[in-house]
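Undergrad: So that we are looking at the same thing, I have put the structure below in structure tokens.
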């Protein structure tokens with residue numbers, strides 16, 4: 001460690017603040033720069049938590065935590081380890097949405113993020129190098145913020161989602177925060193509010209698209225792999241026209257993962273397996289209506305489709321289990337404006353007596369009798385009492401997942417779903433939901449939050465030095481999470497609670513690493529995948 005004095009106190013990866021020992025203060029040129037009392041990290045955490053508690057509202061609490069991160073990374077994670085359930089919705093979803101909306105007004109140091117401008121493609125590699133600052137980067141989370149949190153295009157403000165995502169990676173799975181890098185791709189924005197905001201910090205022009213955009217993405221991937229050849233590249237909140245295209249282009253050549261396409265599909269399928277474990281039913285016997293056929297909705301469909309094929313169904317048999325509903329109603333093969341992801345799962349009008357009437361969700365549910373209803377529409381309140389009761393009339397344990405977030409965009413509340421179905425519904429929500437007490441039973445509500453699965457998956461890939469992420473590995477991680485449900489408990493949640501996040505993230509990481517090694521996709525020799533995960537785990541201690 002050649003850095004001394006105030007340079008150390010300004011470096012969040014090195015700074016221990018008042019916890020520096022007397023010997024360290026002498027050695028590092030810190031004598032006289034700190035109060036004389038030497039604190040333990042536990043004392044610092046107690047002090048910081050009291051400061052956190054004094055903040056209100058939640059956005060102020062988030063700003064406090066971000067400033068703490070910028071000052072002392074180890075203390076930040078030590079504190080988060082102690083309060084993971086409380087901090088998760090503040091560091092990440094849903095409070096991060098407020099942070100993104102007000103990013104320009106509350107701007108703080110950007111947590112060591114790299115900002116790449118489409119207007120300066122020649123600077124891409126240098127920008128990544130500067131942001132890494134000599135650190136050995138193993139995980140990159142990148143966003144262009146075209147599809148932030150179901151909120152749409154938020155330009156450079158969306159960097160906060162990459163920052164929050166990486167904080168969850170470390171808090172949940174133990175990846176070393178010095179080895180991660182959030183990246184913002186500033187391709188412009190089509191958000192008029194931002195373009196007219198004099199404080200907006202991004203490029204003040206409309207988004208670039210097409211060939212110019214994809215060339216920039218390719219330049220970024222090339223530079224990222226050149227600088228960090230053993231890293232996992234995680235794509236976050238890209239728009240529906242680009243997300244699948246980008247994933248398809250790179251997934252066969254590098255270790256890469258799109259959380260909105262793959263992660264959302266993984267967590268929903270894990271929740272479905274949890275529900276089916278409770279109801280004692282089989283995946284192949286379900287009929288799925290997906291309300292919202294964008295990036296997230298189609299990611300869910302494709303993940304379930306892959307699992308149905310693994311269960312022995314042909315492509316056509318597996319596709320026949322799905323009904324896609326978007327703003328046009330039920331999607332048919334002649335519907336205008338279909339995306340490439342939607343086309344394989346559309347229906348023929350010839351299948352129905354009254355196809356022209358299948359334009360609203362109420363009619364569709366009444367006519368088709370789905371057993372599983374998944375919402376990624378960002379249309380609040382659309383899972384009405386009539387629709388939900390219709391489902392409950394035709395299936396013993398309807399699986400209903402209103403996943404849109406933040407809170408104001410949810411299709412229904414967990415409490416309503418439980419009461420409208422007489423306690424029959426198996427529910428997961430996209431936001432944290434309180435327990436529901438109904439007729440003497442306490443129903444615990446699983447949160448369909450990708451944070452339940454991507455930290456363990458990503459850490460397992462990093463720890464095993466994975467070359468690629470395959471469907472086999474994805475399936476292994478899904479089954480690991482879906483098998484954690486307590487089927488003997490009345491009102492059991494279909495997904496495990498965030499309070500147990502570190503425990504099951506460890507299990508998912510170990511199973512992921514084992515899958516990588518089983519397929520021979522590890523770069524470095526690994527004899528014991530479980531030990532490799534343990535050896536790579538970082539702990540928030542000085």
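The backbone N, Cα and C atoms fix where each Cβ goes, glycine too.
Dumping what Swiss-Prot says about this protein:
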- 92: active site, proton donor (ACT_SITE)
- 165, 450: substrate binding site (BINDING)
- 165: active site, proton acceptor (ACT_SITE)
- 236, 237, 260: Mn(2+) binding site (BINDING)
- 293, 294, 295, 296, 405, 450: NAD(+) binding site (BINDING)
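Give me the structural setting of these features: burial, nearby parts and distances.
TA: Packing around residue 92 (active site, proton donor) is summarised by its Cβ count: 25 other Cβ atoms lie within 10 angstroms of its Cβ, all protein chains included.
Residue 165 (substrate binding site) carries a helical DSSP state (H, G or I).
Annotation for residue 165 (substrate binding site): same-chain Cβ neighbours under 8 Å, separated by at least 6 residues, are 92, 141, 182, 234, 236, 259, 454.
Residue 260 (Mn(2+) binding site) falls within a helix when secondary structure is assigned with DSSP. Around residue 260 (Mn(2+) binding site), a 10 Å sphere centred on its CB holds 25 further CB atoms from the protein chains shown.
Mapped onto three states, the DSSP output places residue 405 (NAD(+) binding site) in coil. Counted within 10 Å of its Cβ, the other Cβ atoms near residue 405 (NAD(+) binding site) come to 23, all protein chains included.
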Undergrad: Which state, by DSSP, holds residue 450 (substrate binding site): helix, strand or coil?
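TA: Going by the DSSP assignment, residue 450 (substrate binding site) falls within a helical segment, counted as helix.
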Undergrad: Taking the residues 293, 294, 295, 296, 405, 450, which the record names as binding NAD(+), find the longest CA to CA distance and state it in Å to the nearest whole number.
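TA: Output for NAD(+) binders 293, 294, 295, 296, 405, 450: max Cα distance 18 Å.
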Undergrad: What same-chain residues, at least 6 away in sequence, bring their CB to under 8 Å of the CB of residue 293 (NAD(+) binding site)?
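TA: Listed in sequence order: 301, 324, 325, 326, 331, 339, 342.
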Undergrad: So which binding-site residues are near residue 295 (NAD(+) binding site), with CA atoms within 10 Å, out of 237, 260, 450?
TA: 237, 260
Undergrad: I'm trying to understand the geometry here, so how far is the Cα atom of residue 237 (Mn(2+) binding site) from the Cα atom of residue 296 (NAD(+) binding site), in Å to the nearest whole number?
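TA: Each residue's Cα considered, residue 237 (Mn(2+) binding site) and residue 296 (NAD(+) binding site) end up 10 Å apart.
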Undergrad: Taking 8 Å from the centroid of the Cβ atoms of 236, 237, 260 as the cut-off, which other residues in that chain fall inside it around the Mn(2+) site?
TA: 143, 147, 148, 161, 235, 238, 243, 258, 259, 295
